[in-house]
Amino acid sequence: MSIAVQFQQVSRHYDSVRAVDDISLDIAEGEFFSMLGPSGSGKTTSLRLIAGFEQPSSGSLRIFGQEAAGLPPNLRAVNTVFQDYALFPHMNVLDNVAYGLMLKGVTKSERHRRAEEMLEMVKLGQYGSRRPSALSGGQRQRVALARALILQPRVLLLDEPLGALDLKLREQMQTELKTLQRQLGITFVFVTHDQGEAMSMSDRVAVFNKGRIEQVAAPQVLYNQPATAFVADFVGAANVFDGELASTLVGHAQSFAVRPERIRPAGQLADDDVVRVPGKLLDIQYLGAVSRYEVEVSGHKVVSMVLPNENGNATAPAEIGAALTLAWPSHAMLPLAG
Amino acid sequence: MMSIALPIPPAAPALGLWQRLGVTLYRHPGLQLGLLLGLPLLWFLVVYIGSLATLLVQSFFTFDDFTMEVSRELTLANYQQLLQPANFDVVLRTLSMASAVTLASAVLAFPLAYYMVRYARGWKKGFFYVAVMLPMWASYIVKVYAWTVLLAKDGIVYWAYQHLGLGGVVDWLMTIPLLGGNSLTTSHLGRFAVFTYIWLPFMILPIQAALERVPLGLMQASSDLGASGAQTFRHVILPLAFPGVVAGSIFTFSLTLGDYIIPQIIGPSGLFIGSMVYTMQGSIGNMPLAAAFTVVPVVIIALYLTGARKLGAFDAL
Amino acid sequence: MHSDQDRAPLWLRLLAYGGIGFLFLPIAVIIIYAFNAESAGYSFPPKGFTLSWFGAAFARNDVLQAIGLSLQLAALATVLAVLLGTLAAAAMYRRDFFGKNAITMMLILPIALPGIITGIALLSAFRLADIPSGFWTIAIGHATFCVVVIYNNVIARFRRMSYSLVEASQDLGADMFQTFRYVVLPQIATALLAGGMLAFALSFDEIIVTTFTAGNEVTLPIWMLNQLTRPRDVPITNVVAMTVMLITALPILGAYYLTRGTEDIAGSGK
């Protein structure tokens, strides 16, 4: 397998703001790669660097081995699905999809035939003559996808394409996008701030924070072996115990995280190799299949514990305000760097 | 980690001349800017700023009163001449007309603008907007001409006040020193009416724009007839609309200040700043003094703008 | 109760409609007098109505020449202003650079300063450079103060256009010129048309700057001005006045129609 996109010490600065700060990253050909992070973390800027809408302040960016810095977007073999879809409002759907082919000088009948095919593929065969403004959000999204894919890019860039859709439609599109990517076998680079979305679709995820990459790994690895407190907290929920608190609880100063679902009331864990922490139950939140229990330990730290609800009924291990000792297996502690 | 083999970098595809130009522009955003801005910037620097600079330089040239010729000898004499009492009269006359016109426009414009924003809905809103915009953009010279027709002896205005039995009142008005004149067309009042008419739309639209920003709830509260309504109007609506009035006054003031056609056609004799400049360069050929004279409205407007900026007028433009 | 509140008091309605009446009074006068049978003077009520002055006016060479000259000038000034204004708007949109505010100021100055200053400045420069006054000097002056009208309209449209359209076009393989032709131009077309119509009307009407730069050329407004200072052909002047009004009113209404509900074209000033 070869490298599709390679960042080597790439930075993008605006005056004093480091939007992307010394990033090195390899994206393999054919993988579904997500860039995950909060807003302003540098993930969108990184995507725009690949597309060519931004130019790196320093470093080298290669697309299939070819240096891309200094190459305008129209000369790059990548295509983009925009967050606002960016459909041309003065063209109908068919001409939107055929736009890239028109620029290449493909004859009208040929490009319309191929655009029809693309629209069939995204299940919008009947919509060619409509204006984008006459389509729903989900339909626009598919047109944007068809328009980008008609040029058979080797890398498809998707900038939070599902952000504007409602929950049901978003979940449906997630499945469709993943299936499409598998069928086409091309590289998808997917930017999102939604960790669930990134986890469910991606082969690998890069977690961005403050212009830097915290960790690049497969979803399972991110969840089970988060490299930093930020990753542990951002990907799934986590109780992070840092230096001082870690020392008082387990006797060494290395920070660690424990997932809420790994924690149990002390009575339910008989195993020897467990950590026990006394605390006080503050609050119970009923969430349907599970309930979340907020427990105060060491006087100020609030730890969440998630317990499954038998038959949908929450059975509280203690009264609110009463003492509750928590426990977790030693191997549930995820050691964190920094 | 998955195993990743580094590929051999393929040779960059050969680019055509056109594409190379695109690459160059992409790599040098400054060049893009230069290409876009170059022509308009050059035009304005050469044609406009260049002309203004020439004008300024000419104001220091010497005009020989005997030969009626301009020589390039630098002098401050033109500016000294500005301070002559006769010229001071011209400035004063122009300034008082500009102030009177501004005040009258504001008084006429405010109720109209208020009605447009507060009460006009649907098609009426469009109607009022067009009804203000159309006269504003309509030909200046045609509007001035229309007023000479309106005010002419035996014309419409004359006919109207005769029929209303106001002949005596108008005759009396014409005898008042600062309002009157031999007839309506040669009176101060006539000139004032024409100026006010011509610049009125320039006052209505900024006030309307300023009022558009007042929340409707406040507007409605102020149309309460009780004391609270009057209070809201005085303490809330008026202060909010004031920047619009100031913005409009910039137009009415500056446009009156520089006009030389209306004073020439309607009203009694007596020069305005504009007509002074026009006469100096035209029939007399004293371009240096005319140039020096243009500095007067520029300075007045600059002072006015500085004041207006402090009152927040530019937000309403 | 509420519907009562939303009706304006009578005095306010009188003032508002009275104001509009005041604004249209001279316009009505021009239209009435164009059909006035009287051959001299402006007596009211008119003695009779006739269409004959239209024939007489449009048979006059000086009138036809003035109309022709003004149309040519307005067309040329508009073309130049569209070119310069669009370039300037494209340069200023989404860019921040040293001196940007000064350039914006410079574009507005020709309409912000009294026309007499622009006029005499141009005249003094043309004289100093030994450029004889005539068609081209008028056109240069007109184009200069028309630029801002185009600039304001186009940059307002740019600001409402999503920039991702431009990026999408590049992304799909278009170079700058293709992006301009296929995406940007269709987006700004109505703004350009509206701005162009306003610029045309502005140039067609202009008198103050023109009197300085015209030399011996007689544009339609200058023809009117000559008639005003030395009235000779009252009925012909009446017809010409209405013609000027119509030629400028149509593009103004067109511009309003094109930009209705989007941007404030009147805010571009005159």
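Glycine residues also receive a Cβ, built from the backbone N, Cα and C atoms like all the rest.
Feature transmembrane segment, per TrEMBL, maps to range B:159-180 of the set B:71-92, B:159-180. Highest Cβ contact count with the transmembrane segment (B:260-278) among the listed stretches B:95-115, B:192-211, B:231-253 falls to B:192-211 (criterion: pairs under 8 Å). For the transmembrane segment (B:127-147), the partner stretch with the highest count of Cβ pairs under 8 angstroms, out of B:35-61, B:95-115, B:192-211, B:231-253, B:284-305, is B:192-211. Outside the transmembrane segment (B:192-211), and at least 6 residues removed from its termini, the chain residues within Cβ reach (under 8 Å) are 97, 100-102, 104-106, 108-110, 112-114, 116-118, 132-133, 135-136, 140, 143-144, 147, 151, 219, 237, 240-245, 247-249, 251-252, 255-256, 259, 262, 266, 316-317. Ranked by number of Cβ pairs under 8 Å to the transmembrane segment (B:284-305), the listed stretches B:35-61, B:95-115, B:231-253 are led by B:35-61.
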